[in-house]
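Here is what TrEMBL records for this protein:
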- B:86-266: domain 'ABC transmembrane type-1' (DOMAIN)
- B:36-56: transmembrane segment (TRANSMEM)
- B:68-88: transmembrane segment (TRANSMEM)
- B:94-116: transmembrane segment (TRANSMEM)
- B:128-146: transmembrane segment (TRANSMEM)
- B:152-171: transmembrane segment (TRANSMEM)
- B:242-262: transmembrane segment (TRANSMEM)
């Protein structure tokens, strides 16, 4: 398999505080990796470094120069109709067709001329997904993109993203604090602690006997102790 | 239950605001009705004024009746002089607006984008801005004489600053999160300017335009008091010499009318350019 991104010895600090120290990570093409961690553990910092939005203080990142990113907020341009939002940065004559096709793929066929303000939160996030996927990225970075959505919309988005990733096969890094979300859609779950990756779980292998054991393990990694109710 | 109570309360309040009993249902004023209502006060004022002049014993030399002003307008329009003066004033205002607005926008874009340009230019611009117009008047006459150039200079100067300030402000206020989107989508510098920064700054720039239109007019009144033989300002000056209060009032009405017209042009611009903005209830284009 070829790697979508390889990170070696990554280091990042804010002033005196070291946020990421000696982090190694490899994501294969078509692999869906979820990153869990407590708030402030540096998982968003890692994602922003991979996206090229923040500088790094040391180490190497070997990956595409232009990964696609979906943020927690949709970040659509309110003054541009949907297709222009999706086609942002694409300067080929087919930009509009590509955008329309991408919108169709996320279930928003025929809405290309609409304004972002006429969308619900879930729809706006789908446009953001279309904007990311229309450039056929080798690496897709998701920074808690479903955190602000209601529970039902989130489940639908999980299905959609699994579907889209299976079709376009980018390497995916999903940063989340939601253990169930990670189990539901990822192939591999990493736990970040102390500026490096503290644990790695293969989801298929761990959930052979159902997801609850992995869930308890992951919550344990995050410092949540579940009491056995039967006792 | 709490939710039900709240929604009922909201409806009741909405009803009160619209002056309609709740039983009348969801009834709101239509746009056309609101426009009609907005003209009620000025009309009542004109009617009251006319009544006072006719029956209240107001000396027409002090305050001519609206009908007298209208008659004056008619006479001046009939022999064409009104349009000559109006034409001169409009050309001055428009030229000054384009020149001053262009320079203000250009400087605003420069300073908005570049901290270096800000360090080089902003202090000087702010210093010039602090000078009251009238203080410059004698100098303007010395520099430009009593020709058109001096008048256009004054209008341009007045227009420059509101456009400059609001352009800089608008550019600086563009959401940095959207600039991050530009980065991750690989948007070119040109794309960043035309697709993110300028549209993002547009509400603020248009606020500047509206303000500048008012200032342009103000500057024009002052400019047209400089020795001149054409323009609405001249009309007023000339009428003052001969105590023609009806002409003086007419010029004031003209200034007011054109001010309102300019404002509605600015609003139309807002509706068109800010159709995406929820505050400018433009119709969603599909």
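Every residue, even glycine, has its Cβ placed from backbone N, Cα and C.
TrEMBL labels come from automatic prediction, so no person has curated them.
Same-chain residues lying 6 or more positions outside the transmembrane segment (B:128-146) and placing a CB less than 8 Å from one of its CB atoms are 153-154, 157-158, 161, 219, 222, 226-228. The transmembrane segment (B:68-88) makes contact with the transmembrane segment (B:242-262): 3 or more of their CB pairs lie within 8 A, with pairs spaced 6 or more apart in sequence. With a cut-off of 8 Å between Cβ atoms, the residues of this chain six or more beyond the transmembrane segment (B:36-56) that come close are 29, 63-68.
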